[in-house]
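Enquirer: Dumping the structure here so I can ask a few things about it.
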Amino acid sequence: MVDFSSASSCFDIENLSLAYDDKPALSDLTLKVPRHRVTAFIGPSGCGKSTLLRALNRLHDLNDQVTRTGRIRLEGQDIHAREVDVAELRRRVGMVFQAPNPFPMSIYENVAYGLRLQGIRRKRELDEIIEWALLSAALWDEVKTNLHASAWTLSGGQQQRLVIARTLAVRPDVLLLDEPASALDPISTLKIEELIRGLKSQLTLVLVTHNMQQAARVSDYTAFLHGGELVEYAPTDTLFTNPRLRRTEDYITGRVG
């Protein structure tokens, strides 16, 4: 059992099982994700870590071949309850994918997109929120004189930070990151990692990564998944230096993949 000490839970996941077309992907997972911390999901390809991440904002609803049992609560509320507005859930629980996906429009309009959908139209208000979001994503100083250039003129690392700014602009409570730096060069990866560490004062972050060194650098808690099961979940320092289970030790030391 993980002791969060001063950190209360953001997500409470209870007995979660999920299958694609009757093929099990997650098996009876129970864990808590602490608020205002970085939690990493690690494990080999196909272990279920991205499946678990996407379950946290109901992206699996888009696939009618997925079946689910168990419960996920966000701040105490069952995210699958009938009264839950899925669009509002996905605003509260933002998602950043492996490959940067800026919209084919200007840097400014990328960040403004979600704000306009929320009914924000006044230019002064848009300007203020966009500046705040780009500052929060550590991108403002690089683009502030060129906001109306195409987002596609940015480097890959800048595009990923733009996507993070676009997500932050609508003020989520949680940011889900699925391998956010795997396609980036080392310098861009470092900037993303610094950004992740800095954002936890504002919101809760959940990170999927194949890179165990990255998990060790940026996360406060780490969950090791294998074969759709939660093998071990502990504070990151503990899991990497003194794992409780041999299976965990074998994976993090590279004896098994």
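Backbone N, Cα and C atoms are what each Cβ position is placed from, and that goes for glycine too.
Okay, so Swiss-Prot annotates it like this:
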DOMAIN    11-252  domain 'ABC transporter'
BINDING   G43, P44, S45, G46, C47, G48, K49, S50  ATP binding site
Enquirer: I need the neighbours of the ATP site defined by G43, P44, S45, G46, C47, G48, K49, S50. Which other residues of that chain put their C-beta within 8 angstroms of the C-beta centroid, in sequence order?
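Expert: Everything else in range on the chain: T51, L225, H226.
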Enquirer: Enumerate same-chain residues with a sequence separation of six or more from K49 (ATP binding site) and a Cβ-Cβ distance below 8 A; give 'none' if the list is empty.
Expert: F41, I42, G43, V208, A223, L225
Enquirer: What are the non-local neighbours of G48 (ATP binding site), defined as same-chain residues 6+ apart in sequence with CB under 8 A from its CB?
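Expert: Once residues fewer than 6 apart are set aside, G48 (ATP binding site) is near L18, A25, L26, L225, G227, G228, E229.
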Enquirer: Near the Cβ of G46 (ATP binding site), how many other Cβ atoms are there if near means within 10 Å?
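Expert: Its Cβ shell of radius 10 Å holds 13 other Cβ atoms.
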Enquirer: Across the domain 'ABC transporter' (11-252), what does the mean pLDDT come to, as a whole number?
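Expert: Per the prediction, mean pLDDT sits at 96 for the domain 'ABC transporter' (11-252).
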Enquirer: Which entry in the list of binding-site residues, S45, S50, has its Cβ near the fewest other Cβ atoms, using 10 Å as the limit?
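Expert: Lowest Cβ count within 10 Å among the binding-site residues (S45, S50) is S45.
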